[in-house]
């Protein structure tokens, strides 16, 4: 059995980095799997439910903004990936990771695949779970801080996000290790 692993949320200035691990059922295929960035929001949300219903096993995990600031975004991403793999109810024989690096600490044979979210269904499914879950987090953060527009820009460094920071400052969930946030706090970069 093969598990696909992918992440969402490395680039934003706020919130957690989210990883998902998925083992698909070869006898219960899911149509339309692709890199989450190539799908509409509506299609991702539909597949989010279908993946959870049809996969043999799936797990979503995260590393929060504090862990990102303590470890750095790469190591926090690897932490979230390890947590996602550890959270699977079935242990896979192999783990396919989207990207060019393998997280340390996964005891199962891993293979890094650049562009794997577009070429391997297991990674595509993980990409969708991670992206939709993180987008849901941003919608909740938007309810908590409606002046920031998190539901729209998802925490990415957009003009609207920078304007909100300039007017309202940063929120607790901002990643203080990121240069734009440090500048807003007048911390040396």
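Numbering starts at 1 and runs along the chain as displayed.
For all residues, glycine too, the Cβ spot is worked out from N, Cα and C.
For reference, Swiss-Prot has these:
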| type | residues | note |
| --- | --- | --- |
| BINDING | 6, 7, 98 | divalent metal cation binding site |
| DOMAIN | 1-189 | domain 'RNase H type-2' |
Extra residues within 8 Å (Cβ to Cβ centroid of 6, 7, 98), divalent metal cation: 5, 8, 19, 20, 81, 97, 99, 116, 117, 123, 126, 127, 130
Residues that sit under 8 angstroms from residue 6 (divalent metal cation binding site) by C-beta distance, when 6+ apart in the chain: 19, 20, 36, 97, 98, 116, 117, 123, 126, 127, 130
Overall pLDDT of the domain 'RNase H type-2' (1-189), taken as the mean: 96
Which of 7, 98, the listed binding-site residues, has fewest other Cβ atoms within 10 Å: 98
Conformational class of residue 6 (divalent metal cation binding site) under the three-state DSSP mapping: strand
